Each structure stands twice: as C-alpha cells, then as structure tokens.
Number of protein chains: 6
Amino acid sequence: MRPSGRKTDQMRQVSFQRNVSKHAEGSCLVKFGDTHVLVTASLEDKTPPWLRNSGKGWVTAEYGMLPRATGERMKREAATGKQGGRTQEIQRLIGRSLRAVIDLEALGEKQITVDCDVIQADGGTRTAAITGGWIALHDCLKWMETRNMIKLERVLKDHIAAISCGIFAGQPVIDLDYLEDSAAETDANFVMTGAGGLVEVQGTAEGKPFSREEFLNLLDLATEGTKQLVELQKQAIA
Amino acid sequence: MRPSGRKTDQMRQVSFQRNVSKHAEGSCLVKFGDTHVLVTASLEDKTPPWLRNSGKGWVTAEYGMLPRATGERMKREAATGKQGGRTQEIQRLIGRSLRAVIDLEALGEKQITVDCDVIQADGGTRTAAITGGWIALHDCLKWMETRNMIKLERVLKDHIAAISCGIFAGQPVIDLDYLEDSAAETDANFVMTGAGGLVEVQGTAEGKPFSREEFLNLLDLATEGTKQLVELQKQAIA
Amino acid sequence: MRPSGRKTDQMRQVSFQRNVSKHAEGSCLVKFGDTHVLVTASLEDKTPPWLRNSGKGWVTAEYGMLPRATGERMKREAATGKQGGRTQEIQRLIGRSLRAVIDLEALGEKQITVDCDVIQADGGTRTAAITGGWIALHDCLKWMETRNMIKLERVLKDHIAAISCGIFAGQPVIDLDYLEDSAAETDANFVMTGAGGLVEVQGTAEGKPFSREEFLNLLDLATEGTKQLVELQKQAIA
Amino acid sequence: MRPSGRKTDQMRQVSFQRNVSKHAEGSCLVKFGDTHVLVTASLEDKTPPWLRNSGKGWVTAEYGMLPRATGERMKREAATGKQGGRTQEIQRLIGRSLRAVIDLEALGEKQITVDCDVIQADGGTRTAAITGGWIALHDCLKWMETRNMIKLERVLKDHIAAISCGIFAGQPVIDLDYLEDSAAETDANFVMTGAGGLVEVQGTAEGKPFSREEFLNLLDLATEGTKQLVELQKQAIA
Amino acid sequence: MRPSGRKTDQMRQVSFQRNVSKHAEGSCLVKFGDTHVLVTASLEDKTPPWLRNSGKGWVTAEYGMLPRATGERMKREAATGKQGGRTQEIQRLIGRSLRAVIDLEALGEKQITVDCDVIQADGGTRTAAITGGWIALHDCLKWMETRNMIKLERVLKDHIAAISCGIFAGQPVIDLDYLEDSAAETDANFVMTGAGGLVEVQGTAEGKPFSREEFLNLLDLATEGTKQLVELQKQAIA
Amino acid sequence: MRPSGRKTDQMRQVSFQRNVSKHAEGSCLVKFGDTHVLVTASLEDKTPPWLRNSGKGWVTAEYGMLPRATGERMKREAATGKQGGRTQEIQRLIGRSLRAVIDLEALGEKQITVDCDVIQADGGTRTAAITGGWIALHDCLKWMETRNMIKLERVLKDHIAAISCGIFAGQPVIDLDYLEDSAAETDANFVMTGAGGLVEVQGTAEGKPFSREEFLNLLDLATEGTKQLVELQKQAIA
C-alpha cells in the first residue's frame, strides 16, 4: 500500500501551466503532485566556444532548488559558493535528455538555456524538470518559428518525457513521492521519446541489489508512464 | 505621464498569497504588479555563533533571482560561485528591516531565515521582498505560537513595509516599475513601520543630484504608500 | 555629551595629505581623526567590456581594510577568498558617489580605479574614503591634463564630499567615531556635491525607528558638514 | 569490427596489482587495457558529521585524473578551483557502488576513503575504478581484521564489479575503449555484485534512442563480463 | 654603476617608525628607501588546532600588497578570490623567519599574527617585512610583558633581519631596488639572527647560473648588511 | 647514523623509467628510493598571454600529490578548492629550474607543461620532480625534433638536477628521506646544471640557525650529488 493511496502504476496529478514568465521565450510551471518546477527556456544569440563557426547550436540546462523547497531548509548554493554534486548531475541529465530530440544543425548558431528551478519538492524533481522542460523548449522554438528564425518541426524531432520508478515495500511502483523515495529499495529514472525510444536509464539499489526481472518491471511501468506524459504534453501544446 | 498610465502617487496592484509552500513555517507569494517574489520563513533550532548562550534569537534574510526573472537572462549565482554585490546589499537590507520589528530576546535562541526569491522582476524587488517578508515572518511566528513556543505579540512589535520612490521625467512618483526605474533621475527606497517610524532610507542620484525638497517629496509619497501597504498586510493576515 | 568631548555639530580634525604614492597618478592619505584611509587613483588604458567603443570612460572604486585596522583583528579578505557584503556595499557606494561628478564622455575610453584602503579605522571609513577619493581623483585628472589627455574642468564637474551623522544618546551628532557609531540609535551617511546637491542618502535605525524630524536634523548637520569638507578640499588642492 | 580487433563480448586484458602503496592500508593498480587507475583505501578514525554517535561507519570515494592521463592535456582541477560535474558524478557513483556491499554497522565508527586516480585513460575509467576499488577496500578491511578491529566477512558482504557496454557500429559490445566510446551510439555502465545482483545501471543514448531489446543485450553482456571480473578479483586476493 | 648611485655594499636608507597603529599590540612602519611596509603584530587568545592543549603558542605572518603599491596597478587579491603563489611563498617565509627566534613554549597558548602590508613597493618587500616584523613582534611581546603575560627575554631569543643581494651588471650588490631587481642576473635573500646565524638562504639564477664563489660574495654582503640592520633595530627599540 | 643505514654522502637508489605515458610527448616515472613521481611533458600549441607574438615559448610546471601519497591521507586539493601554499611554492620552483636550461626563443611560440604528480612520498619530492622533469622535458623536445619542429640542442642548453641536503643529528647528509627530513635541523635544496652552475639554492633552519661553514658543507654534498644525477640522466637517455 502506497502512503498516498495510489495504485502501483498510478502517477500523481500532472499539469503544465504555459507562459508563466513575462520575459522568457518559453516557460512552464510543471507539477507532479506536490513537486512544482518552474522552467524557462531562454534564447541567446551565442553558442559555447567549442561550437563557434560550426553552424550548430546548443541546448543546455541549469537546475536549482529554492532553499526551502524541501522539508528541511537547505543551504543556498549561491551562498556556499558552488553547485553540489547532485545539482550538477541533474542538470547534466536534463541537458542531455533535451538535446536528444533536437537537431542542433537545424537550430543554427543559437543557444537555448533551460532553467529548471524547483519551487517545491516532493520527489521526482528531475523527471518533472525534463518533462516540463520539453514544453518550455517547444514554446521557445515556437517563438522562434513565429519570427522566421527556424522551422519548428525540423528542430524538434520528437517529444521527451521522464518518470521515476522504484521498488517500494517490495512492489514496483511509478512516480515516487518523497515518502516513497526515501524508503525505496531501488530507485530508477527513465527518459523516453514520444516514439518510445530510450534516451536515459538510471537505476540505483538503495538497499539490496535488484534483479534483471525487477528492473524490467520498472522499465515496463516507465514505458507506460512516459506514454501518458507525452499524451499530456500534446494536450498542453494543442 | 508614466509608461503604465499610473498617477504619480499610485502604486501597482499589490497582493499577498499566503501559505504557498507545503514545507515552510511561513510563506507568501507577494506581487507588486509584474514583480513576483516568493518568500519563505524557515524556523531553525540554532542561532549564529555570536549569539550562543545569549538567550537571544536571530532573523536573517537571503535574496536571489531566478536567472530568467529579468528581460535578459542573468548568470545563475550558484554557477558563477558567488553572490554579487547587489544581492548581498539587498539581503542585508531585508534582514535589517525585518529585525527592526522583532524582539530578539522574546524570540529566544532560534533562527528564522527569510528566503526571498524573485520569480519575475519588474522593478522594486527589494521592497516587495520586505513587505511580503513581513507576512511570511508573521505566519512563521504564528506557527510557533500555536505550538506554545512564543507569544506572537511579544516577538513581533509592529508591521514593516517598504516602497520605492523616484524622480521620473521630473516628477516624484511612487513604486517604479522597470521602465521607470531604468530612466529615473533619482531612485529611493523607504522602509517604515506600521507606526510610521523610519527604519531605512536610501536615496541615490542616478543622473544629476537631487535637492532637499525633492527628497522630502519622495519621503511624503513613501509615507503614504507604506501606510497603504500596512493596511493591505492587515487585511491579508485577518 | 560625546565621548570625545566634541560639540554635536563638530567634526573631527580632517586632513588630506596629497602625493603620498610614488607610483599612482593621484593619491591622498585622508584622516578624519583616528580614521586613516590611503587612497590611490590609477589610470588604466582600458574600459569595462560594456563600454567598449562607446567613447565613454569609467571610474570605479575598490575598498579594503588592513586586518588590524580595527580593535580586533579581522580576517584578511584575500585569505578567506572573497570580499564580504559590507566591503562590496561600501565600494559600490564610493564608485557611484565619485561618478556623480564625472563626465564619462569627456573622460574618453579610459578607466580610473580608486583604491581606498583603510590603514586605521575609528568610524566613518566610507565617508572619509569618498571625501579623500575626490582629492586623489582630482590629482589623477590633473596628471592627465598635464599630458594633454583631457580638460580637467570638463571631466570633473564638481566637488563631492561625504559625512556620517547619527542620533547618539538622543542627540543628533555629526561625524561619529567608533564609540558613538556602535552605540548610535540611528546611523546615516550623506554624500553631497560642492553645489549642495544630494547624491546619496542612507539612513538606518539601529535601535528604534526614527522620525521625519530626526532625519531632517541629520540632513541639516550633514549639509553644513559637507560644506566645510568641500572648503577643506579646495584648500588642499590650492 | 572493433578498432582493437576484439570480439564483441571480449573485455580488454584486466589486471590488479596489489599493495602498490607504501602508506595506504589497501591499494591496487588496476588496468583495463590502457586504462590504468591507482586506487588507495585509507582508514580514518572519524566519520562524517551526520553519523556521529550512530555506531555506523562510512565508505566514500574520490576520483581524479592526472592532467595528461588523456590524449589532450586537461586542466588540473586543483588549479581551476573546483571539481567538474563529471568528476563529482563519477565519485558519487563509485562511493554508492562500494557501499552496496559494506555493512556499515559492522564497520563501526570509522571512515574509509577510496581514492581513485586515473594515471592513464583509454575509456572505462569509472568501471575500472569500482572494480579495482573493491580490491583496495578488501585489503584495507583485511588490514583491519589483522589488528582485530573488525571481522572481514561481516563487513564485506560480497564482491562488486563494474563494466561498460555500448552499441558501436550497430553492435552491442563490452568494455569500450576510448575510440569506441567516442563513437558509440549508446553507452552504458553496469555495477553488479558477486551474486549477480544489480547495484547501478546507467544507459545514455549518445546519438539516436535505444530500444528495450538493445538495452537487454547490453545487460546480458555486462552480466557475463562482471562474472569474469569477480573471478579475476577472487584470483587476485587468493 | 648602480642606478641609484649607491656603492655595491651600500643599503638604502632604512627606518623604523614604531607604534603607528592605535589598535595593534605592536606595529611598525618600516622603510627601505621607497619600499614601505606597514607591519602590525596582533595578539590573539587562541592557537591553531594542531597546538591545542600543547602548552605551546604560535607566530604566523600574512602578507599583502595594496593594489597600487607597484608601478602598474595589480589586481586586488581579495577581489580575485585567492592569494597568489608569490604572496603565499612570501608569507610562509616571513612566518618561518620570525618563529626562528621565538620560544613557542615560553610564549604559551597564544597566537601572534604579524600582518605585513606593502604600502609602496620598490624591491625587497619581503626582507623589509621580516626586518620590520621583528620590531612589531618585539613590541607586541613587550606589551605582553607589561601585563605579566610573559617574560620577553625568555620568548624572544634573538634579533632577526633580512636583506636581498644580487648580481647586477656583473657585480655583487646589496639591497636591490626595483630597477636592479628586474635586471639582476642572480637574486638572493638572506635571513640572519643577531648572533650571525643563518635562518633562510634563497638564491635564484634569473639569467645564467651562478657559481659557488659568486654566491659566497652575496653571503658576505648579506652578513655585513644584516649586522647593520640588527644595529638599527637595537637603536629603534632603545 | 642515518635511519636507512646510508652513509652521509650516499643518495638513495635513483631510477628513471621513460615513456610511461601512452599520451604525453615526454614522460618519466622517477624514483628516489620510496619517493615516486610521475612526470609528463605536454606540448601545447599556445603560449601565455604575455608572450603572444613575441616569438618566444614557455615552459611551466604543475605539481600535485595524490591524497594518500603520504603516511596520513591529505585532503585532495581539487576538493578543497585551491592549491596550498606549499604546492604553489614547489611548482614555481620546478618551473624556474627547468626554464634555466631552455632557450625560449629557440623553442618558438609553444608551451610545454610539465606535470609532476607524486604517487608516493618519502621526502625529496621536489628534487625528484626537477630531476625527472628534465628527462620528460628532454623526451618532449626529442619528440618535437623528430617532427622537425625544433633543434633539440639549440633549445635544451644543459642538464638540470636537484638534490636535498640537510643537517641530521649534527651531520651534513645528502638526499633526506621522510624520517630524516622531519627531524633535520637544517634543510636545503640545490638545483644545479650539468656544467656545475647553481640555479636555485634554498636553505632553511628548522631548529637552530646554521653557520656559513655548515651551509658550505651542504653545498659540497649537493655539488657531488647533482653530478651523479646528471650522470644517471645521461645513461637514461642514451
């Protein structure tokens, strides 16, 4: 029995609120239950040094948590003077995931920075950030298309969505909230495209090792879950 | 004529949304027009080193801006590795302002950290942070009172509210938005208590110097404006 | 009664010693009683990035304290790895104050860096730095005029001087020393031009809030004080 | 055809050289072909703050690369002033993997730090570090057992070994060297116990997404590969 | 012929101005010609962690240069965020040199920090800092003796003085100024006690290597020079 | 009697293992007894900013210690966020020493970075790094000559070798190991060319001051020792 009363294959209520920023080219407030992430996609007329004069653009991500997004207040990373290992790991994951569906040549020599700031955390912030990040990125590219800078369909090749799964109380479950996450035996994150292809798979045994069969159960849950998320993305941008 | 069409003594629409955080003891989303600041007040069972065994508590503030809170994306301070001078100046101001109405002995050996994160910026973020910070701080103290940790009325001595004023196109105006702020000849911030006492006064000539008379005009506007803000705070916590 | 026996409107002994540096284009050892600040103005043939090819120059300031300038030795900021919030706040104030009387276009694409290093502190270091900084800046511009780089009178539009005032033991007093400063109920700094215009006004209630009337008393003291400081500057450069 | 001429399921020559450090309680120079990692396990009579008085110990890992371990010299992280995101990600992975087979209560309030320094890199440094790290950790625990500090078999619950697999030129292959790694379509790392349990699974699509079937092929290769590595570990400590 | 017209064995005018700081327990403004270093010795009632409960004290030194102490303005180390290699090398040398004549057990569990800040540089700042540092340290210990904290003669075992020598235009010369220093073929620093013992010897070939004979010539010059400096120290504290 | 049983003028077993790196243009694993330093020389097609368009190249060195190269594990400098004073002092010494035998004009606008990483420490790491660094540098230059980039004999003017000497138990001894080093009364390092010229001399009294005669004894030992080291270098590159 899950603390929230959800069924093992039941995700939390997911919503995307678009255009929440007056300034950003694309933006989205994404909610997976009590996990709320504010995502902005910012177009910049530059590229990283290693792409200069290559004709290719870049999509990168940054991730942060407000200090009291969590149950205990955490130290502000700007005040401690560096981004922690967890932060860097997550923002690298978000960036790789979004780039997996972008044609960087079709984008041209521009950079889009996707900022994912966790307003409130209740487990699954990185998967919410990726899933909502796709909406903000889509809207930024739409903004560019409106100005004849790109062809949206040539740059954005597919949807991308992410979900966590884990083994909680001996059961494979989807979309863990904080209570489940902190007690799970195994914790995994999956990033998949609209066409069902895998982009990132990350599984970690928190307690005892997991088996091939258990891992496949998680993969099955994630496959179904990301399919639903992609459907919700389609409704959101319709 | 102000860009927004407001009268010289007319503030923007101000609102306080309380209890916006699932985790924080007190929280408030404060809006001054398009300036939106998310404030959380976090109770911690510790005090800074210099107050150990003094019987006194502490209230401190931290301030941050999401990278795309502004028209141009700014670098994330956590990534650059330090808080800029402007950030530090503002968070010191917020902390001093809030402490001005707190009886630190009545609080006892606790620390309350007020985090002010600018979600969207359109001028006046520091004054919105102070004004909304008072709400979050009030609610945190209320939370403590409910648990018999303090007597609210002994700890919180008065209201505190802040407003910017400036000379724009030769006219003294209140509550400058970004367009006005970037073109103002003089820019000032005032922090006042519910009883009308001054706690902080900061005026800067951006272009030519200002006169005593001009400064008094700004002070008069601010006196009236903070009175209205205190009234709105009272309605918000009613 | 002030600890030093001074009258409420009596400043400490103020002196400017010019040309104290063998290397700097302009330099001044300024003393306000036991507060001693060594100021150098350094001409550099560059401008900050945002002014490139604008035809305009820049004046900026840096501030530091020797570790044992104070009663208790403070940590060396170079060793701790960053400038504290107070340091940054002060050096931003000095820079803004000096730029208020400079015509940056008439200066041309040069940068002058005014370094203010507190050799000994006894209250009022920032106001001494601004007042002495004007002398060093003047002498640097004079050095440039001698070499036909600028016209001094076109670049330097007016004098700038600064003084602290505060409410000590219930009385408005001028030019607080450390003993007064640490016990003052209200502490304010004023920066004014030779023509009597206000450039910066900063007032802070250290204990209870202050009233409009009290603040005007401080402003009156400062107006008289900066007038005297400008007179002393004129004698110094005569 | 693999650049090295290896078969798709053929690992590079793997060797463990024990006791390579005069000082460390456990040490190992592990080689996977031209990838050479020097691992030391250092016993320290302390634990991290959050474990004080818990009776539990800790195993942590740090990872570094000598600047010219790679084809192009990389900047020394000590000189740039921080560990990059990749470094932090890898050392977190190593630490989690080794802790998966340690009974922290049986270890008692001690910390073992496993330093993994890449002397020469040719792909697969993280998997070599984990696999060789197990040897160094084993030898450190053996050193402790000899001094009656612990019972080795109670602290060290199983073997741990890691291997990379990927899809190169359309084929699933094991133990990618640098040439393969930089051209692979999919890149995955697997960490498994001696009993065949999964501890960490990480797969990333570098080019196009991968399918469930492709991922299972990689998992099968890894299962066989880690079995061989565990066998080699057993021979090494025999 | 030396640029300054001095003879090869002629030092610059050396002076010690004592008690230049209102706050420090010992202080000295030392001048070697145009090289001016302000030294303060600060007594602190603590010791570094590794001496806790050892009954022994510590003497340490910190070194800094004001940004415009030199011909070209240098970046402020507090602003760049770290002390450069040269700064650290010099402050370690000063600390070691002063400790060479201190009986740390007789000092007891106190720390004296000797801050050496270069107000103006013209070559030989480290040797001036050591030589003047001895005066400040002596005066700090005298201050302590007056308060019955120590016996001066038991703590301070001897004088310490330092001088630079070098080979300039083929000639061994003493006390190089900046012009000589930047053109010298060999540059050496010597730290000697009042009894004539060597404490530190540092010689560097800037251009071609130097011979044993040349080095002995420098040592002879230094032996005579430090003898004179010790004599001047004796006069200064008389 | 030395702890190792060596005679006072007897160095430890010294060996140079060339070409230990698959990637570096020059490399050497140098051993002085139990002190092992891995040195790589990396050719980069750039020069430091101050040499741009000067036609001259540069040779620089970096130094590091693996955390458990020593008896007690030391903190990893990359993790603490800066290189310590000792590290910077040593790498500056290595760079100066190697440049002393390089004709930077004959090298042309290239930079060679010599990385010296201490794998295992037992005293004398800096002198081993310099002596082995010469081999790596030689091999890098040889690599360049093979590609017609330079003439080796025009760039590399002489051998360079370094050795430590000290006064241990009242006796002058050569090549101190850690046990001797930590108990020595005087500790000195000498860097000499193949022709017998002195490049660096550094002597420090750890306990009581040393005399001119004692220092000359050390210099004599070092002269003989570096002669032997140069001989070993010649054999190594033969």
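Using N, Cα and C of the backbone, Cβ positions are placed for all residues, glycine too.
A quick note: this is a predicted structure, and the numbers were derived from the prediction, not measured.
The phosphate site recorded in TrEMBL comprises C:Gly124, C:Thr125, C:Arg126 together with one of C:Arg86, C:Arg99, C:Arg154, namely C:Arg86. The phosphate site is defined by C:Arg86, C:Gly124, C:Thr125, C:Arg126, and by the 8 Å test on Cβ atoms against their centroid, the other residues of the chain that qualify are C:Tyr63, C:Ile90, C:Val118, C:Ala121, C:Gly123, C:Thr127, C:Ala128, C:Ala129. In the three-state DSSP scheme, C:Arg126 (phosphate binding site) is classed as helix. Secondary structure of the domain 'Exoribonuclease phosphorolytic' (C:10-140) per DSSP, as helix, strand and coil residue counts: 42 helix, 41 strand, 48 coil. Using a 10 Å radius centred on the Cβ of C:Arg126 (phosphate binding site) and all shown protein chains, the other Cβ atoms total 25. Of the residues the record lists as binding phosphate, namely C:Arg86, C:Gly124, C:Thr125, C:Arg126, the two whose Cα atoms sit farthest apart are 13 Å from each other.
Long-range Cβ proximity for C:Arg86 (phosphate binding site), meaning a same-chain Cβ under 8 A and a gap of 6 or more residues, is found for none. Across the domain 'Exoribonuclease phosphorolytic' (C:160-225), DSSP assigns 20 helix, 30 strand, 16 coil. Listed in sequence order, the residues of the same chain lying 6 or more apart from C:Thr125 (phosphate binding site) and placing their CB within less than 8 Å of its CB are C:Thr35, C:Val37, C:Met65, C:Ile90, C:Val118. Mean predicted confidence for the domain 'Exoribonuclease phosphorolytic' (C:160-225): the pLDDT average there is 96.
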